[in-house]
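Take a look at the structure below.
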Amino acid sequence: MGSIPNSLKQGICSVIEEETEVTIEQGGPHCTHLLSRRWLRTQKSINDKYPCVCKEEKICSNCTSPASTCANTTMTDAVFKLLPILDVIRKYQFRKNFVGDLLSGLSVACLHFPQGMAFGISSSLTPAYGLYTSFFPVILYMIFGTLPYTSMGTHAVIALATAELVETEASRAFPEGPIALFNNSSEANTTYIAPPEEILLYKVSIAAASSFFAGIILFLLGVFRLGIITTYLSTSFIAGFTTGAAFHIFTSQIQPALGLQIPLVKGIGKIVFTYIAIFKKISSTNIASFITFLTCAVILILVKDVINEKFKSKLKVPIPIDVIITILATIISHFGTLHENFGVKVAGNIPTGFPKPSIPKLSAFSSIIGQSVEIAVLVFFLTISLAKLMAVKHNFEIDDNQELIAYGLANIGSSFFGCFASCGAPPRDMILDALNAKTTLNAAFSNLVMLLFLLFIGPLFTSLPVPALAAMIIVAIKSLMAQVFKLPSIWRTNRYEFVTWVITCSTTIFVDIPYGLLCGIVCSLFVVVLQSQMSNSYLVLKASDEDIFLNPNKHTGLVDNPEIKIFRMEYSLYYATCDLFQKKLYQTLGDPRKLTDKMHKSFPEERKLVSGKRSEDLKTNVDIVSFKLKDLNANANTDEGSVKFESTENLSNTSMLRIIILDCQHVNFMDIRGANTLKNIVSDFKKINVTIYLSGCPSFMIKMLENSECFNVISRDDVFFDLETSYAAANMVLLKDNTNQED
């Protein structure tokens with residue numbers, strides 16, 4: 001009883017004898033059988049035979065105590081982890097890293113200066129505060145940050161959010177005071193007017209307080225190890241959000257490009273109302289401003305996209321056209337008196353030196369905390385999204401938590417010097433990447449140049465035309481706006497990703513940036529859940545002449561064994577999918593709850609599966625892959641056409657069913673409800689004398705089954721390492737059962 005028939009033994013032996021010398025030609029027509037000789041084992045017997053390896057604790061190199069308890073090692077590791085700059089200095093390779101850091105740092109400084117001035121104005125402050133924001137956060141990130149491709153500083157989206165915040169708070173504090181940057185005075189159409197000193201200082205205090213609170217939020221996220229949320233940043237969400245944000249930046253620069261002055265629009269739909277206001281005043285366009293903008297934009301595009309790209313291999317350093325434009329535009333504006341004669345707005349006075357450090361206006365907490373949270377989220381997503389792109393390109397991992405700490409400390413520390421919130425920006429990060437920055441020490445060279453600007457050179461750029469700055473900003477973000485042309489490709493690749501992209505981008509543009517961020521996150525999470533529920537589960541059949549298992553709706557030449565059914569799950573089994581899985585399984589194989597009475601009438605008592613000593617009978621040395629099943633499957637059907645299974649609850653279609661194999665190799669998550677669902681399914685089929693095998697269960701799934709006490713219902717002898725083993729075991733059990741009946 002339970003022995004393998006002689007015909008089967010002869011079949012196995014003949015295969016082994018014939019295949020003693022096998023030559024396998026990959027992909028060739030003369031490939032023969034691939035023999036695999038092993039014991040027929042359950043998952044439990046494998047674990048008993050090959051016990052799990054316990055992780056060895058690391059030993060400190062300076063003593064014999066474990067590393068986790070060595071005070072010296074722990075303190076050293078903590079210091080180097082908190083201050084990555086120390087590790088960079090300790091391991092710095094001068095010959096290998098210096099040139100890349102020097103060139104990239106100097107080039108980024110050439111962007112910091114014009115962008116700092118431009119975004120200082122965009123934030124409703126003055127160019128000087130944009131320059132401060134391009135200096136202090138850079139130092140702090142160099143100390144606490146980890147990525148050489150991240151350049152903290154000003155960002156157009158953050159500048160716009162800051163402008164909205166400080167204008168709102170200033171209008172409350174000075175209800176009758178002039179908000180000069182956005183007023184409609186006659187002088188505002190000819191030159192940039194710095195707000196009165198008192199109002200400016202109040203705005204600076206609000207902007208600095210917002211940076212402080214945003215930094216605290218980011219710092220706490222890092223301390224509590226919440227960097228894992230970056231896992232949920234899908235590519236489509238990042239692309240849609242950055243594209244929408246780029247349109248806001250573009251819109252904010254139309255006014256200085258055309259020489260228009262319109263009131264600041266705030267709230268939902270502000271980009272739409274901004275364009276309405278622009279078109280109402282389009283007839284008041286300053287022609288000189290527009291020509292200045294157009295000329296600078298054409299030169300920038302020509303040099304960046306044509307000359308620098310075409311001669312990339314010959315140019316050791318890209319032509320710093322932003323700096324050249326800044327210098328030439330200032331010279332032409334100064335000697336051509338563009339401001340006095342043509343009404344072109346200029347940067348205005350740029351003081352030298354640094355502001356005195358002061359404590360941020362903490363009393364404004366209650367009124368600005370909401371928008372500070374918004375700014376913190378924007379800083380995080382805008383910076384980490386660029387970092388993720390660089391990580392993919394250069395194949396390295398990001399320490400998300402340390403990055404959050406670095407972003408937080410950069411904003412907290414800089415807030416004491418009147419800086420508004422800072423983050424990474426695409427133009428600067430791309431320059432660092434293009435010039436092959438090696439370490440975060442590139443920021444030291446960048447700040448040396450910025451120090452010269454702040455102490456000596458800044459006042460020389462008083463006549464810098466604002467339209468020239470607008471041209472630099474728009475050209476810098478055009479690659480982000482061009483992401484819209486990738487939509488057809490995304491549509492063809494994954495329509496769920498397409499929907500996420502469109503919803504995120506359109507909400508960001510037509511509603512507002514924070515709402516776009518929120519909708520994008522919600523949509524991304526919804527798509528994850530939806531796709532997990534839309535994943536497939538189906539029956540698979542064994543090929544007629546080898547042990548591979550395929551979908552009968554997509555392949556022909558498969559064997560339909562009425563006594564053994566293999567059901568493959570291609571999704572995680574958790575609360576959102578377990579009901580769907582159970583429904584699909586019962587629709588495909590029949591609902592055992594409805595078949596119980598009929599099955600008991602159709603199956604006599606003696607046909608129940610024998611499982612008590614099955615684990616001992618399975619320890620038979622067999623050749624799994626070359627297992628010939630002709631003698632085992634006398635009732636098997638081989639159909640060269642497509643074999644399809646239809647939902648049924650008829651007893652005639654399930655009366656032969658003896659064993660169901662659940663292929664779990666594609667399950668990557670299971671919760672308690674999923675485990676309980678599996679337990680209920682096993683119990684339901686046991687009532688009609690159908691045994692369920694689990695095949696290819698990941699280790700976490702085994703652990704979940706143990707913790708949820710599922711092995712009180714599911715036998716450990718019914719859990720197998722892979723599909724081939726479980727299928728061979730099922731056939732051997734049926735063989736033994738049939739042999740018992742014959743005897």
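Quick reminder: no glycine exception, Cβ is built from N, Cα and C everywhere.
As written in TrEMBL, here are the features:
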- 98-117: transmembrane segment (TRANSMEM)
- 129-149: transmembrane segment (TRANSMEM)
- 200-223: transmembrane segment (TRANSMEM)
- 229-250: transmembrane segment (TRANSMEM)
- 257-278: transmembrane segment (TRANSMEM)
- 284-303: transmembrane segment (TRANSMEM)
- 315-335: transmembrane segment (TRANSMEM)
- 368-392: transmembrane segment (TRANSMEM)
- 404-428: transmembrane segment (TRANSMEM)
- 448-477: transmembrane segment (TRANSMEM)
- 498-530: transmembrane segment (TRANSMEM)
- 554-730: domain 'STAS' (DOMAIN)
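Annotation: stretch 257-278 has the most Cβ pairs under 8 Å to the transmembrane segment (498-530), among 98-117, 200-223, 257-278, 284-303, 448-477. Within its own chain, the transmembrane segment (98-117) has Cβ neighbours under 8 Å at 127, 130-131, 133-135, 138, 148, 151, 153-154, 316-318, 320, 322-323, 325-326, 347, 350, 425, 427-428, 431-432, 435-439, 441-450, 453, 461, 464, 469, 472-473, 476, counting only residues six or more beyond its boundaries. Counting residues 6+ beyond its ends, the transmembrane segment (257-278) has Cβ neighbours under 8 Å at 124, 163-164, 167-168, 179, 182-184, 188-189, 247-248, 251, 284-286, 288-290, 293, 343-345, 467, 470-471, 474, 509-512, 515 in the same chain. Sequence-distant contacts of the transmembrane segment (200-223), counting only residues of its own chain at least 6 positions beyond either end whose CB sits under 8 Å from a CB of the stretch, comprise 123-126, 129, 162, 165-167, 169-170, 173-174, 194, 360-362, 364-365, 368-369, 371-373, 375-376, 379-380, 401-422. Each of 129-149, 229-250, 368-392 was scored by its Cβ pairs under 8 Å to the transmembrane segment (448-477), and the highest score goes to 129-149. If you average pLDDT over the domain 'STAS' (554-730) in this model, you get 73. Proximity of distant same-chain residues to the transmembrane segment (368-392), defined by a Cβ-Cβ separation under 8 Å and at least 6 residues beyond the stretch ends, is recorded for 147, 149-150, 152, 155, 157-158, 161-162, 164-165, 169, 206, 209-211, 213-215, 217-218, 221, 230, 233, 238, 241-242, 245, 398, 400, 403-404, 407, 411, 421-426, 429, 433, 513-514, 517.
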